[in-house]
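According to Swiss-Prot, the active site annotation covers His251. The annotation repeat 'PbH1 2' is assigned in Swiss-Prot to 214-235. Residues or ranges marked as repeat 'PbH1 3' in Swiss-Prot: 266-289. Among the features that Swiss-Prot reports, signal peptide is placed at 1-18, with the record citing sequence analysis.
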Amino acid sequence: MTLYRNLLLLASLGLSYAAPSKVQRAPDSSLHARAVCTPTAGGDSSTDDVPAITEALSSCGNGGTIVFPEGSTYYLNSVLDLGNCSNCDIQVEGLLKFASDTDYWSGRTAMISVSDVDGLKLRSLTGSGVIDGNGQDAWDLFASDSSYSRPTLLYITGGSNLEISGLRQKNPPNVFNSVKGGATNVVFSNLKMDANSKSDNPPKNTDGFDIGESTYVTITEVTVVNDDDCVALKPSSNYVTVDTISCTGSHGISVGSLGKSSDDSVKNIYVTGATMINSTKAAGIKTYPSGGDHGTSTVSNVTFTDFTVDNSDYAFQIQSCYGEDDDYCEENPGNAKLTDIVVSSFSGTTSDKYDPVVANIDCGSDGTCGISISGFDVKAPSGKSEVLCANTPSDLGVTCTSGASG
């Protein structure tokens with residue numbers, strides 16, 4: 001009888017496993033449309049619209065959308081802090097115009113501050129959005145007082161998964177975009193950037209991109225007109241890709257400067273599809289020499305490929321005596337460690353400034369010069385193509401002429 005009861009129990013359990021009850025899942029009622037906010041513009045430059053934008057960020061900054069409509073103008077007379085954004089989408093289809101108040105901006109780091117933000121999209125979907133740094137007064141003041149400290153237009157420090165796209169950025173008092181503080185996964189795409197002075201004073205120090213301590217930064221489909229580095233790869237930049245960029249009037253795409261007062265490194269850089277117009281150089285590396293308070297510079301796994309040179313002074317340049325004169329560097333030679341530097345597929349014509357020289361490769365005698373060059377088809381206006389070299393490897397890939405400096 002006991003055995004019969006046990007068999008009956010097992011049978012009932014087996015039946016239970018064979019025909020489990022179905023669980024019906026109701027639709028998730030917690031999914032909501034993104035909150036959308038449109039800040040109220042004050043209407044003229046006497047009203048600072050930053051408080052209204054900050055209020056919109058408080059309401060919609062956590063996963064919502066903030067819209068600046070096409071045809072609208074917002075006057076920003078103070079720093080715009082986007083710290084309240086978390087996975088928010090800021091769509092600039094109108095004009096954000098900063099005040100030119102040189103007293104207010106003196107010594108400030110940023111006009112737009114993005115500090116430890118995750119998931120920001122700052123973009124224009126229509127391509128009509130403009131961020132105007134209104135930097136003319138700052139350039140004019142700096143021309144007479146080089147100690148005047150000017151802010152960066154967009155300053156990113158820390159954070160991750162940031163997208164800046166589709167916008168026009170114009171006339172920053174200083175640098176256009178800066179990335180540092182360990183930021184990661186930052187994408188700049190489809191940007192038009194220009195700094196044009198209406199006076200005889202040039203838009204000094206208007207780097208397009210200063211990329212410092214960060215990883216996985218991408219710059220793609222960008223046009224820059226400025227008066228300093230188009231892209232500056234600063235200390236501790238790592239895994240940076242620049243793909244399809246046009247730079248006019250710049251100091252080129254530069255690694256550095258490095259080693260001014262500490263040991264600095266830049267590594268894992270890939271630059272391709274660059275058109276360099278009226279630049280002091282198309283691409284290059286700038287390192288301080290040894291001695292004094294200078295540190296050691298390490299540059300590794302850097303590729304410059306598919307460059308078109310149009311009236312730029314040098315196609316490629318390495319400076320191992322940056323920031324010092326020749327006498328200093330005779331006593332304190334360059335000690336930068338350059339490894340796996342690839343320069344390939346350069347074409348075009350330089351300016352006549354250094355004709356017949358098209359490149360100046362001055363590696364430090366106390367460092368390493370791991371550089372290879374291939375597909376280098378750049379000529380001076382005379383039709384000649386002379387490359388000045390110092391302390392370069394025998395298998396560099398181009399015919400060298402002695403006399404490199406810098």
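Backbone N, Cα and C atoms are what each Cβ position is placed from, and that goes for glycine too.
Within 10 Å of the Cβ of His251 (active site) there are 22 other Cβ atoms, across all protein chains. DSSP assignment over the repeat 'PbH1 2' (214-235) gives 0 helix, 15 strand, 7 coil.
Secondary structure of the repeat 'PbH1 3' (266-289) per DSSP, as helix, strand and coil residue counts: 0 helix, 19 strand, 5 coil.
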